[in-house]
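Copied from Swiss-Prot, the annotated features are:
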ACT_SITE  K82  active site, schiff-base intermediate with D-ribose 5-phosphate
BINDING   D25, G154, G215, G236, S237  D-ribose 5-phosphate binding site
BINDING   R166  D-glyceraldehyde 3-phosphate binding site
Amino acid sequence: MTKILGSDLIKRGMAQMQKGGVIMDVVNAEQARIAEAAGAVAVMALERVPSDIRAAGGVARMANTAIVREVMEAVSIPVMAKARIGHIVEARVLEAMGVDYIDESEVLTPADEEFHLLKSDYTVPFVCGCRDLGEALRRIGEGASMLRTKGEPGTGNVVEAVRHLRKVNAQLRKVINMSHDELMTEAKHLGAPFELLLQIKTLGKLPVVNFAAGGIATPADAALMMELGADGVFVGSGIFKSENPEKFAKAIVQATTHYQDYDLIARLSADLGEPMRGLEISELAVQDRMQERGW
């Protein structure tokens, strides 16, 4: 039974159910209820949103299990939680708690700088970040059921998420248009499993959903990522660090769903109050860029 529950087909199917939606970071039950009422398809339970993690510095770990439990009991939508890259026990604890997804996340301080989790060993589905197709396929090869761009979390600056999504999509088009005898060389170049390149060639797309994340702060940002081909969006600090979280949450959900209705997005963007304060990426030292974590 465990093997059936944890099969790739089941786990990827669960992720497909979130397609077209918004997943919001929350730090308590009240925020989780706001997210659910706004139309979020899932919430990510954590102790601090990425902008606060960035500001605090030091080591960022898995959220206190009491916070995760509080969020799980507050909402009926799926609940995700973050584990550190390579931290087997954090992931096993979250799996034992019954979370719906685990995010092996670069937002937290990596526990292992050499090895990511072997996600196929778990019954719970995983979401992982990527900056390019090589990273995406390595994570899928380890068992990830869902991808997201890394972007640059906690900045309110969407430029890195745009860069990562455009790069993945450009590399996908290249693979899809290759002849079969070129795929092995491309697999070597990407550092990715050959079998996954064959899947992409056959399917004409990634075998899992790919959401946008990292720096999304406004309804227009969310719509932009959908316009560029994202399957949905994660919003971290952008909602609950804004002036009016309830309005921002509802507006971002609507903009994600109706991303080509520009008149609607204009109306949604009126009277929202101030968005979260943004950071210029070029002003961040390389060691402060969360997207650099993992490989």
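Each residue, glycine too, has its Cβ placed from N, Cα and C.
In the three-state DSSP scheme, G154 (D-ribose 5-phosphate binding site) falls into the coil class. Classification of D25 (D-ribose 5-phosphate binding site) by DSSP places it within a strand. Secondary structure at G236 (D-ribose 5-phosphate binding site), as computed by DSSP, is coil.
For G236 (D-ribose 5-phosphate binding site) paired with R166 (D-glyceraldehyde 3-phosphate binding site), the C-alpha to C-alpha distance reads 20 Å. Same-chain neighbours of the D-ribose 5-phosphate site beyond D25, G154, G215, G236, S237, judged by a C-beta within 8 angstroms of the site's C-beta center, are, in sequence order, V49, P50, S51, V107, P153, T155, G156, G214, I216, V235, G238, K241, M276. Listed in sequence order, the residues of the same chain lying 6 or more apart from S237 (D-ribose 5-phosphate binding site) and placing their CB within less than 8 Å of its CB are D25, V49, P50, S51, D52, P153, G154, G156, A217, M276.
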